[in-house]
Amino acid sequence: SSLKFLDSKLRDVPTPAACAVLVCLFTLQHHGTKRIGFIFAPIVIIWLFFISGFGLYNIIHCDPQILRAISPVYLLRFMKKINLSHWKLLSSIVLCIAGSEAMFADLGHFSKKSIKITFICCIYPVLLLTYAGQAAFMSKIFGAADAFHLSESIPNTVGSQATITAGFSIINQCQALDCFPRVKVVHTSEQILGQVYVPDVNWLFMTLSLAITIGLHNVSQLAKATGLAVTSAMLVTTCLMSLVIALCWEKSWFASVCFLLFFGSIEAIYLSTSLVSFFRGAWCLIILFLLFMTIMGAWHYGTLKKYEFDVENKVSVEWLTDYSPGLGVSRVPGIGFIYSDVDTGIPAFFSHFITNLPAFHQVLIFVSFKSSPVPYIPENRRYLIGRVGPKEYKIYRCIVRYGYCDNVRDTDDFEDQIISLIGEFITREEYDCEALSSPEGKMIILGSPMQDGNALVPVAETSSSTCAPTITESESQRHLLDIPSDSANSPITRKRVRFTLPPKSPRMRASVREELLEIIEARESGTAYFLGQSHLLARKGSNFFKKFLIMAYVFLDKNSREPPVALNIPNAALLEVGTLYTL
C-alpha cells in the first residue's frame, strides 16, 4: 500500500513483496527470538527515532495546536456528537492501538519491568509524536492520505514477529493443558523457558498468512481483520482480568464488576464497529477462529473422554497382587515403566496385557503426568512417589506434576531421575513426616534427584554413542517383548547411567539396603516401556455432534506427534498395547 503513489505499473508489487517478507520472516523463526531480536533491535531503534523526529517536525511546522488533542475533553465531545459516520470511524482508530499492542504480544518473553519501562519511556511518547505529527500534516495538506507512508511497513514486520512468537508460546501452553494436539516444541533459549519454536505450527502460520495476504490483497480488508482480532483479544483479556481480580487477587466482586464494566464497555464499542466490517475482510478471521476452536475443542473432548474411560475401566491393585501367585505369572528381570493418565489403580491396557501375556518385570513403575493451571511447579514439589501393593512386589507409582510453562520431558535421563527418586522414597518411606495419604498408601513429595544423599547415586554416565545393548538387557527384552535376536543386537543410541549405593549404605537398615540393591540389579538388567494405543469409536445412537468430535479427534491423533516420540521413548524397548475406547 505504501507504493500506491508510484506509477500504475507498480500497483501489483505490494502483494508479492509482502509474501516475500512473510516467507523470510517465517524461515528465520528457527533461530529463536533472541537472534531475531538482535537483528530487529537496531532497525526498530532507528525507525522509532525516524518517525518521532518527523512527527515532531510536522507538529512544529504544521500545527502545534494539535497537541491539545491529548486532552480527553475532545474524546468526550466526539462521543457526545456521535452518529453513524462517527461510530464507523472508531474502527479506524483501532488500528492506532493494534500496532502498539502487537509489539508486546509475546509477553512471555519479557519481564513486567522491561515492558513498563519500554512502553512509558519509549513507545508511548514516540507513538504520540508520530500520530500527532501525521494529524498536523494532514490538517494542513488535506488530501495527502494517499502519500507514501514508510512508517507503515516496518511496524507491521515487527508486530508480525511478536505475534508469531506469541502464537508459539500460547500453543505450547495449550498443549500442556491438553487443549492442542501433540506437536514438537524446540526451546531456543537456555535462560528463558518461554522462548520456544514450534516447527509444524510455524509452517502452518506461514501458509495461512500467505493465503490471507494473496486472497485479501486489499490493505483495507486486512486492516478490518486486524481490527477485529485486536478488539476481540482485548475484550477477552478484560473478562479474564476481572476474574483474576476476584479469584486470584481476592478483591471484592464489586471491584471486579466495576473494572469489567468500565473497560469492557469501551472495548465492546470498538468491537461492534469492527463487526460491521464482517463482509469486508473480517470474515476470514471468524473462519480461522472457528477452525482453531474446532481443533482445540475436539482434542480436549477426546482427551477428557479417554481419561474418563480409563478411570472407569481401571482395575484395583489387589487384582494384580491376587492374580500373580499360583496362576503362572512370571517376573522378568528388569524395570518396566507403564505410562498412563490414571493416577490410581492399574490401567486397563496393562491388565489386558497381563491377561494375555502373564509376565511382567521385576520392578514396575507406573508413571502419570498431571498438568496444573499454573505457570510453574516448584522443583522441590514436582514429583509424588509412592508404593503400590506390598513391598515384596516392588511396584511403585510416580506422579509428575507440571505447569503449562514447565518442560518436564526435555531431559534424556528422565527415567534415571525417577529411579533415583524411588531410591530416595525407599530411604525416607517410614519416617517422612510430610508424606501424603492416598488410596494406595503413603506418597512422598520429592524434587530433583539428590546426587549424594541417602538414595541411589549415579556413578558412571557415558555420553550418547552407538553401541549394542548389554547381554542382560537383550535377554530381558526378548523374554517379555519377544524381540528377535537380530533386532536386539542392532546398534542403537542410548545414554547409559549406572547406580550404586551411597558410602554410608552399611548403616542402612537391612530391608532398605536389600530393596535398593534389587533396584540396582533390575536397572542393570534393562528397561522396557508400556503405552496404551487407543482406538476411539462412538457408540451406536450417538448424536452427530459427538460423532463429529470423535472423528475430528481421531484424525488429529493420527496426524499429530506420536506419544513415544513426545515422551522420548526408545522404540527398541517400547511395547504398545491396543485398547478400544467405545465412547
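Quick reminder: no glycine exception, Cβ is built from N, Cα and C everywhere.
Because the structure is a prediction, the values reported are computed rather than measured.
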Handout entry: Of 11-29, 201-219, the range TrEMBL labels transmembrane segment
Key = 201-219
Handout entry: Leading contact stretch, 117-137, 226-247, 283-302 vs the transmembrane segment (253-271) - CB distance under 8 Å
Key = 226-247
Fill in the blank from the handout: Counting only residues at least 6 beyond its ends, the same-chain positions whose CB falls under 8 A of a CB in the transmembrane segment (201-219) are 1, 14-15, 18-19, 22-23, 26, 29-30, 160, 164, 167-168, 171, 183, 225, 281, 284, 288
Handout entry: Intrachain neighbours beyond the transmembrane segment (226-247), with Cβ under 8 angstroms and 6 or more residues off its ends
Key = 91, 94-95, 97-98, 101-102, 253, 255-257, 259-260, 263-264, 267-268, 270-271, 273-275, 277, 282, 285-286
Problem - Outside the transmembrane segment (283-302), six or more residues from its ends: residues with CB under 8 Å to it - result: 174, 178-181, 208, 212, 215-216, 225, 228-229, 536, 548-550, 552-554, 556-557
Practice task
For the domain 'K+ potassium transporter C-terminal' (334-581), would you mind checking the mean pLDDT of the predicted model?
Solution key: 73
